[in-house]
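Remarks on the structure that follows.
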């Protein structure tokens, strides 16, 4: 846990931007107005950490005491809103494809960073020996914001349908939790985050699927 | 914070009645039965305070220790249910318009009262120096019940669409938080609540709108 | 509260299996894939207890410290998934009827067990004198998992529509809370649980209904 704090801040910032952007895009496509876009964008970005903190009794959640990521999410959302407002063809234009590709990579980095940070927070709070708990907290930090976004926007949570998204987080969380007391903590953390990012990116590329119970026709 | 407690109780009671009524109306229109109407009505009335208390670790939430507002919400819901049940034309009748006008004013008063009470609770719990936190808690106390109502009823939260509802709460919360250490606390509280109520009522009257990113045709 | 722990474990296990199964069936019918089925099944089984623990500040919730019921829910979900996957006609076949009948009984037992366990947990945490609180916690332990399941699956919570489900839990909770200091605690607990189970089963059999405000044509 001695990884350069600046590196950790940097990857968390990237994740915050990606998550805020995904929440804002859902809201924009639903024709919500400025406030709805802000609420959904910020909730997606910081909601996972909030759920984690409530579950371990770390209240008020960190995001409220030091709202740097809230501010970053807010700025991201405003920039995106203004861009779409100024350029009404942005959503269907050719820049959109590039934008989505970059955001996909950012999103993978964010999922990796949030997952390992969630585990770290739980360990620092003294729950290191509860393996199921710390893995769950890593995953909920990673995917919780997206779940809140989907529930508020009234759609079936993405994580229930796009399996591999959560699978990447779960795999990385198990890896980090398993390695953290065996090898150098920094390397374990990097390995966990890297596993999340790689699985997440490969899955997008090759459209991995998990089976459904009733076979699709 | 030395405002006559009886005044505070009175405005909170008005808010409870209005919020319980709004929750019950959603349930009645959705053809939910008696229990559904009670659950949705009471949740709308006391849900915001419950979320606030969970976020600051004030558990069990105040509503459970002294369920006076739960009781008030319950009575409101029962009266409304019986009224509609006895008079099947109530929902489409001419009394409905008067009822909705009164409830709109009550709702504005409730939003104002809940917002400042939420801030007060957070300050009393020792979080006065976290400005973002206390403003957020004021707003979530004001709009949280409605968010829970809409999520449970399966509709996009009203607050995401009817922007100005939350904007009124946010403006009043910022005003109260900004004034509370500069002028007499009671006057700051009244100013905050008044700002919420006035913005909320004017918005209904003049149908203020916030912009959407994609311009409506 | 001295009932044989093994009996309590046994009825809680039955409830866990039934609740996990109900969550998994919702997910399977919604064509969610393996991960979605697991998440929804496990959440339905242990979600009520998690909400209860968060509300009384018993964090991290018990399920994380000793994930025996999580494991049991997981195994239930996997078995059900594999059964449906192997036998594609299971959902429409004649075994389905028997399966649903058994699960209906299990579900009633689970609702009874979870309701009284929820009250016990609250009393042990020192809230025995807050009657509204302990009754609410009993009910939320019983029906909370189903509420989370329905919110995540994007359907109006079953408990809002199938009234009698919550009514059974409420009646049993009031009975147990009322009797616990008057008669032998074990007998009070059994009476509360039995009331839930009987009301729940009779309601299924005779299709009891609560009134709606607007009469159905």
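Quick reminder: no glycine exception, Cβ is built from N, Cα and C everywhere.
Model, not experiment: these values are computed from the prediction.
According to TrEMBL, the feature transmembrane segment maps to A:6-27, A:34-55, A:67-84, A:105-124, A:130-151, A:163-181, A:187-208. What TrEMBL lists as domain 'Glycine transporter' is A:10-83, A:105-179.
Looking only at the domain 'Glycine transporter' (A:10-83), the predicted model's pLDDT averages out at 92. Between the transmembrane segment (A:187-208) and the stretches A:34-55, A:67-84, A:130-151, A:163-181, Cβ pairs under 8 Å are most numerous for A:163-181.
Here the transmembrane segment (A:67-84) does not lie next to the transmembrane segment (A:130-151) in space: the count of CB pairs under 8 Å, restricted to residues six or more apart, is fewer than 3. Within its own chain, the transmembrane segment (A:130-151) is flanked in space by residues 19, 22-23, 26, 40, 43-52, 55-56, 111-112, 114-119, 121-123, 157-159, 165-166, 169-170, 172-174, 176-177, 196, which lie at least six positions past its ends and keep a Cβ under 8 Å from the stretch.
Residues in the domain 'Glycine transporter' (A:10-83) partition by DSSP class (helix H, G, I; strand E, B; coil) as 62 helix, 1 strand, 11 coil.
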